Amino acid sequence: MARMYYDEDGNLDLLANKTVAIIGYGSQGHAHALNLKDSGIDVIVGLYPGSKSAKKAEEAGLTVHSVADAAAKADWIMILLPDEVQKSVYKQEIEPHLKEGKVLSFAHGFNIHFGQIVPPPTVDVVMVAPKGPGHLVRRTYTQGEGVPCLFAVFQDASGQARDRAMAYAKGIGGTRAGILETSFREETETDLFGEQVVLCGGLSALIKAGFQTLVDAGYQPELAYFECLHEVKLIVDLIVEGGLANMRDSISNTAEYGDYTRGPRIVTDETRAEMRKILQEIQSGQFAREFVLENQSGKPGFTAMRRQEAEHPIEEVGKDLRAMFSWLKKA
C-alpha cells in the first residue's frame, strides 16, 4: 500500500533563505509561485522578454527576470513550461547557471525520463507534480486546503533531495491533501497512458463515437450531445467522490444493469490489446520520439488534427446548446 505524506512530514525550513525561480507563469506557474510566496518562500519568476504573463506576475507582487537571470539568481529552479519547449530553454538559458548544490525540478518527468534534458551530476533533480490544474492548486491553497501531489527524486547530489522535494510540496499546499512518492519513470509512463487511453484520447473517442451513432440512427444531435457528452461530468463527479461503487449506487437500476451487461461489450479484448500496445509505445520511447519529431518539424500533423477535431459536428452542436444554458452563462 502506497504511503501518503502530510504537513508534519514536510520541513519548510529547508527552503528558508533560498530563492526559488519559477520558469513560466501559466496555469501551474502562477499557482506554484503564489503559493510558495504565501508560504514565506523567496520567489522570483523567469519569463522570456515580452511575455504577456510578466504584467500578471508583477501585479501579484512577484519579481520578474529573464529566464537566464532567474536561473542564475536561484537556488531552486522549477521548470513549468510546455514539454516541447523545455529542452531548448534549458540548454540556452538554464544549464549554464546550474552550479553545484542547486535544485532542478519539474512537474512532469517527460524530458528527464526520455533523455531530452540531461542535468549535471552536481545538482539535485526532483519532481513535484500536483494532480490537478493550476487554478485548483491556487484556489484550494487560499481556502486552507490543497491538491494531492506526486513527488520523486531522479538525482540526489546533496543527500537532501527527497526532503527538499517534500518541503517544496508543502510550500505549494500539497501536503495538506497528501503527497505520494513515485519515480520519474512511473509518473511519466502512467501519466501519458492515462491521458492517451482514458482521460483524453479514450474519452474523446468514446464520446464522439456515441454521439455519431445516435445521429446516424436519426436522433436529434442535441439529444445525442446531452446523452453522450453533457452528462459525462455528472457521472465523473460521482466516481471522483466515491469510486465506481458510489456512482452505481447513485444511478437508476436500469442504468446500473446496462452498465454491467453492455459496458464490457464496448471495452473488448481487442480494446485491451490496443491499450497494451499503446503502453508499450510509451515505455519504449516511441511516443516520445514521435512527439519530439513532430514539434521539430513545425507541428504539421498536430496542427491538422487540431483543425479537423475543431470542425467535428459535436463542437457546433455543443456551442449552440451551451449558448442557451442560462445557468452556464451565470457561471
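Cβ from N, Cα, C; glycine included.
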What does Swiss-Prot list, out of Gly134, Gly144, Gly146, Gly159, as binding the same NADP(+) as Tyr25, Gly26, Ser27, Gln28, Ser51, Ser53, Asp83, Glu84, Val85, Gln86? Gly134
How do the residues of the domain 'KARI C-terminal knotted' (183-328) split into helix, strand and coil according to DSSP? 126 helix, 0 strand, 20 coil
Candidates Ser27, Asp83, Glu227 (binding-site residues) passing the 10 Å Cα cutoff around Asp191 (Mg(2+) 1 binding site) are none
Taking only the CA atoms, the spacing between Asp83 (NADP(+) binding site) and Ser252 (substrate binding site), expressed in whole angstrom, is 43
Reduce the DSSP letter at Ser27 (NADP(+) binding site) to three states and note it down. helix
Provide the three-state secondary structure of Ser51 (NADP(+) binding site) computed with DSSP. coil
